[in-house]
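One structure is given here, and the rest of the page talks about it.
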Amino acid sequence: MTEQRGVVEAFTDGACRGNPGPGGWGVLLRYGEHERELYGGEPETTNNRMELTAAIRALEALDRPCRVVLTTDSQYVRRGITEWLEGWKRRGWRTASRKPVLNQDLWQRLDELAAYHQVDWHWVRGHAGHAENERADALANQGIDELVA
C-alpha cells in the first residue's frame with residue numbers, strides 16, 4: 001500500500017452494538033489516488049477495543065515505514081497515543097490513579113506499529129459529515145453486519 005515517498009492517509013473507526021457486544025472496525029487508506037478499504041469484527045468486544053483495532057489494522061496494512069496521517073473520531077485513541085501512553089509505560093502500564101490500563105494488549109501493539117512509521121494523529125468529530133470518517137464508520141458497521149447475519 002505504500003510507495004517510496006509521500007503520505008498515506010488513514011481514516012479509522014470502530015463501532016459496537018452494545019458495549020460490550022458485537023463490534024466492528026473500518027479503515028480507509030489513501031495514497032495519492034489509490035484507495036484501499038479494510039474491515040472486520042469481533043462477536044464480543046467494546047467500542048474502544050474496536051477503535052484501537054482500526055488504527056492497528058491501518059498501520060499493519062503498510063508494507064514499509066512511511067509518513068501517515070491517521071484520522072480518528074476517537075479521543076480515546078488520539079489522546080491515548082499522544083498524551084497518556086508514555087506515562088502508562090513509565091508507571092508499568094498503570095494509569096495516573098494506579099489502575100491497570102484497559103486494553104493494554106492493543107495499546108502495546110499500536111505503540112509498536114506507530115514507532116515503525118512517522119504518524120500524525122488527527123481527530124475529527126464523528127457523525128459530523130466528514131466523508132472519509134463516514135466511510136470508515138460504514139465499514140465498521142459492515143464488519144458487525146457480517147458477524148450477526
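Glycine residues also receive a Cβ, built from the backbone N, Cα and C atoms like all the rest.
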Legend entry - Co-listed Mg(2+) 1-binding residue [Swiss-Prot; alongside Asp13, Glu51] among Asp73, Asp105: Asp73
Legend entry - Mg(2+) 1 site shell beyond Asp13, Glu51, Asp73, criterion: Cβ within 8 Å of Cβ centroid: Thr12, Gly14, Ala15, Met50, Ala54, Thr72, Ser74, Val77, Gly126, Asn133, Ala136, Asp137, Ala140
Inset, instruction - Out of Asp13, Glu51, Asp73, point to the one nearest Asp137 (Mg(2+) 2 binding site) in space (Cα versus Cα); all of them are binding-site residues in the record. - result: Asp13
Legend entry - Secondary structure content of the domain 'RNase H type-1' (4-145), with strand meaning DSSP E or B: 58 helix, 47 strand, 37 coil
